Amino acid sequence: MTITSWLAASRHTVVLTGAGMSTESGLPDFRSPRTGLWARFNPSELATIDALYHRRESFVEFYQYRIRTLQQCQPHDGHRLLADWERRGIVQTIVTQNVDGFHQEAGSRRVIELHGSLRTVHCQRCGESKPSFVYLHGVLTCECGGVLRPSVVLFGEPLPEKAITEAWEAAQQADLFLVLGSSLQVSPANQLPLVAKRNGAKLVIINWEPTELDDLADAVIHQRKIGEVLNELNEQLAEVDP
């Protein structure tokens with residue numbers, strides 16, 4: 001059996017996407033020293049509640065940079081193919097560690113965002129939400145007087161309970177679980193493939209570098225761009241089910 005045949009036969013495919021999915025769109029990642037965001041900022045210090053209140057200027061500069069960078073990038077072929085696979089009933093759920101909103105922009109509808117979204121900001125006091133571009137125009141406080149912050153999970157904050165529950169349920173239902181561009185170092189996302197495997201799912205990992213779960217996977221692909229691999233799989237799917 002091949003990845004293509006598993007995709008064709010699957011009744012419930014769940015996809016987990018990580019930073020590698022976003023970097024192919026040109027977005028810098030958090031975890032690459034001297035590249036990505038570490039070249040200009042220290043995310044472990046600035047992406048925190050403490051920085052929001054006590055290093056406000058640096059916090060705002062950091063997230064203005066991230067929002068501006070996001071506006072300059074767009075979904076790639078991999079995002080668009082996953083959306084197409086959802087429309088065709090090949091993919092049922094996408095769980096993402098990314099905050100860029102590219103899956104939704106590409107057309108995916110069933111997306112679970114574990115770490116929130118950089119597409120909106122919200123008030124720490126009243127919870128009112130606004131499009132994140134207002135941050136670029138210096139709108140940093142809410143009408144109620146509360147502090148506005150990006151709607152992402154900051155270091156030290158709990159992940160949204162609803163997203164975790166939905167992701168866990170999706171993993172339990174999966175008969176095929178694809179990992180795309182995740183190093184599987186961050187919990188609880190790195191537990192989802194294990195949940196799927198325990199429930200009998202096939203596990204496929206496509207990531208540039210090896211992961212700690214590679215030995216448990218039914219298929220592993222390294223050193224390949226995700227968009228290219230998905231394009232190849234899509235072409236093979238057309239041959240399996242023309």
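Glycine is no exception: its Cβ is also placed from the backbone N, Cα and C atoms.
Quick look at what Swiss-Prot lists:
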DOMAIN    1-242  domain 'Deacetylase sirtuin-type'
BINDING   Ala19, Thr23, Phe30, Arg31, Gln97, Val99, Asp100, His115, Ser182, Ser183, Asn207, Ile226  NAD(+) binding site
BINDING   Phe30, Val99, Asp100  nicotinamide binding site
ACT_SITE  His115  active site, proton acceptor
BINDING   Cys123, Cys126, Cys142, Cys144  Zn(2+) binding site
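Positions of the features from Swiss-Prot, shown on the structure.
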residue: Ala19; record: NAD(+) binding site; CB count, 10 Å: 23
residue: Gln97; record: NAD(+) binding site; CB count, 10 Å: 23
residue: Val99; record: nicotinamide binding site; CB count, 10 Å: 21
residue: Asp100; record: NAD(+) binding site; CB count, 10 Å: 24
residue: His115; record: active site, proton acceptor; CB count, 10 Å: 19
residue: Cys123; record: Zn(2+) binding site; CB count, 10 Å: 18
residue: Cys126; record: Zn(2+) binding site; CB count, 10 Å: 11
residue: Cys142; record: Zn(2+) binding site; CB count, 10 Å: 19
residue: Cys144; record: Zn(2+) binding site; CB count, 10 Å: 10
residue: Ser182; record: NAD(+) binding site; CB count, 10 Å: 26
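In sequence order, Gln124, Arg125, Gly127, Glu128, Glu143, Gly145, Gly146, Leu148 are the residues of the same chain, not among Cys123, Cys126, Cys142, Cys144, whose CB sits within 8 A of the CB centroid for the Zn(2+) site. In space, His115 is the closest of the recorded positions His115, Cys123, Cys126, Cys142, Cys144 to Ser182 (NAD(+) binding site), judged by Cα positions. Inclusion criterion for the binding-site residues Cys123, Cys126, Cys142, Cys144: a C-alpha placed within 10 angstroms of the C-alpha of Gln97 (NAD(+) binding site); this criterion is met by none of them. Taking the domain 'Deacetylase sirtuin-type' (1-242) as a whole, pLDDT averages 94 in the prediction. Cys126 (Zn(2+) binding site) sits 20 Å from the residue listed as 'active site, proton acceptor', taking the Cα positions as reference. The two recorded residues, the residue listed as 'active site, proton acceptor' and Val99 (nicotinamide binding site), have Cα atoms 6 Å apart. Ala19 (NAD(+) binding site) carries a helical DSSP state (H, G or I).
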